[in-house]
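Now, the feature entries from Swiss-Prot:
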REPEAT    26-65  repeat 'WD 1'
REPEAT    71-110  repeat 'WD 2'
REPEAT    113-152  repeat 'WD 3'
REPEAT    164-203  repeat 'WD 4'
REPEAT    206-245  repeat 'WD 5'
REPEAT    248-287  repeat 'WD 6'
REPEAT    290-329  repeat 'WD 7'
REPEAT    349-388  repeat 'WD 8'
REGION    591-615  region 'Disordered'
Amino acid sequence: MLTHKTCQARKKMQVSFVIRDAEEKQHRNGVNALQLDPNNGKLYSAGRDAIIRVWNTRTESNEKYIQSMEHHNDWVNDIVLCCNGRNLISASCDTTVKVWNAHKGFCMSTLRTHRDYVQALAYAKDREQVASAGLDKAIFLWDVNTLTALTASNNTVTTSSLTGSKDSIYSLAMNPSGTVIVSGSTENILRIWDPRTCMRSMKLRGHTENVRCLVVSPDGNQVVSGSSDGTIKVWNLGQQRCIQTIHVHKEGVWSLLMSENFQYIISGSRDRNIIVTEIRNPSNKMLVCEEKAPVLSLGYNIDKTGVWATTWNSDIRCWKLPMYDRCILTSGGMDAQWTLGGTEMACIRGGAAIKECTVLNDKRYIITKDSQDKVVVYDVLRVIKKEELGPIEYEKEVMKRNKQVYIPNWFTVDLKTGMPTIVLGQEEVDCFSAWVSIEAGLPECDDPTTEIKINYGKLLLEALLEYWTPPHSIPPNEMEPDVRGNGYFQVPKHTPVIFSEVGGRTVCRLLVRDAAGDSESTLLHETAPQWVTDVVIERNIPKFLKIPFFLQPHPQMTKPERSKKDRLVANEFIQCRKVCEHVLEKVLNTETTPSGGNANNSLQNSQSDANSEGSQLPAEERIELWCNDVVVDPNMDLRTVRHFIWKQSTDLTFQYKAKQNFNFDGK
């Protein structure tokens, strides 16, 4: 017996997985942040599809993809390169901060200090210090050299915290020397700390909405802020006041980039415009470009002649800056004339994000429509893309493929990352509620006359964790074989599987194939909820769901004395032909087989062949079932009849009668 030890015992857990390709070379959703390594021209992009990608900006080829960095399972909100480009720090909506080997692309360690979405990072290059902040109102300071030295045995890290924030923090900035740190929040104010002492030095008021982006001057004397109120403000920290308010956007300002001399601002807005503005003379401005969607992030290209921009869409574009020569953004160039910008210098194409999803009635397939209006069918059970239908009419295809069958919901679909994430749990939707016949597209059993029922949730969990070996501390039972998987199918080995708290933090993320590893096996043993180990390790069978229903003669029956209304209970997936068999054998032959009329009678034992006596015709060709004045298809199961025909909260009621040329004696 597996003794399941878990620190998550009191937490309600869920399991999720992503249906995707083994390698996703394109962003599948918006891109939240950019970082360029000037040493090698590598551009790092933080995606809302939970993936950080690396691009070669020095190549003229359209194929700029180098690699993906995957370990987050929600939006990556911010990234910073540190240690001269050797390492990268990332912040995510999965509430974690991760430390990466930037060159090799693997996650070195995960920091779980935050309790909510981590929205922003700030980096002090001269001190190798990183700050993180998010919706939990907390700001933490990290020593990068300590973070990059963490190992499995040396995994203790200390952090300093900056307290005093009263609302969710959306922006954060530090100067290179690490003498000033500034935060912006939904409190609509800027808070300033000295990170060396963790003491708050001041707060600045002036914005009327959330402060979305911040930049601190290298000397720590000035701060530039962009807000959802549509303004850009320049603050003098020595004077503790706003010295300039710039109105160049019609909607919120979400991204800022400064010239080296801190005299020019490049701003990106929700209004889709990217604009260059001179701080001392805001009327001296020039539109760089109008993007196709709200601008999320900006970053210089390698020679600073252009600016990389990301938006709600998945493309990353580089736009030529409008300037006479590069000195206008470096030395000032007050007398230089603007030249027209807006030329697209390069584009890294992204993929389509799924925007709509419908779960079909069979509760196995889902149909999606993406941002390019392309329709795709996915097989949730096998965790694969089944069919690409192209840009066809979505609603018509859903209607065409939906069958009149009712199977309980056993999973939910999350489209936040732009890819289909399937969620299994035990809360509002029970992942073990879907019992179906083996005919649901799975291999036939050895005996075709045997009716086998399968549980979708059980089969899927067994496939997702097929490579999980129980801990060695469990004494093996030599009398029982080591059973792995579900015996019917396997799922793609590259599938990411995530264990997380319901509505909360991620506890464990791994690929299907990685569950065989010793460390992953131990982690699963510590974190997997009991309802998962019950079916995957203990091989327990989920309980059947039952439906009570009434059975009575149809008014057209020729024997009015048979007016008794029997109440029965059966598994909800029993087909109506079994009810016909019960009527034929247990009700109409009451004189010879006095077993009908029991109020607690179940159909579990009514499995005999209706052809064995009296006629070679099956029961459904001799008995007719009615519900709500509708003849019931004998292939329908009880839950489908209740959902599509009965449509009432009261117990399902059937009426039966003999078909033509058949009497009570079965002749």
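Here the Cβ of each residue, glycine as well, is placed from N, Cα and C on the backbone.
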For the repeat 'WD 2' (71-110), sequence-distant contacts whose Cβ falls under 8 Å of one of its Cβ atoms, 6 or more beyond its ends: 16, 18, 32-35, 37, 39-40, 42, 44, 46-48, 50-52, 54, 116-123, 125, 128, 130, 132, 134, 142, 144-145, 147-148, 150, 155, 416-417, 496, 498, 500, 504-506, 509
Most Cβ pairs under 8 Å with the repeat 'WD 7' (290-329), selected from 26-65, 206-245, 349-388: 26-65
Chain residues in Cβ proximity to the repeat 'WD 8' (349-388) (below 8 Å; excluding those fewer than six residues from its ends, i.e. six or more beyond): 17, 19, 24, 26-31, 49, 62, 313-316, 394, 397-398, 401-411, 413, 415, 418-420, 422, 434, 440-441, 456, 459-460, 463-464, 489, 491-492, 495
Beyond the flanks of the repeat 'WD 5' (206-245) by at least 6 residues, Cβ under 8 Å: 170-177, 179-186, 188-190, 192, 251-258, 262, 265, 267, 269-270, 277, 279, 282
Residues in the repeat 'WD 7' (290-329) grouped by DSSP into helix, strand and remaining coil: 4 helix, 18 strand, 18 coil
Counts by DSSP class (helix H/G/I, strand E/B, coil) across the repeat 'WD 6' (248-287): 0 helix, 21 strand, 19 coil
DSSP-derived helix, strand and coil totals, residue by residue, for the repeat 'WD 5' (206-245): 0 helix, 22 strand, 18 coil
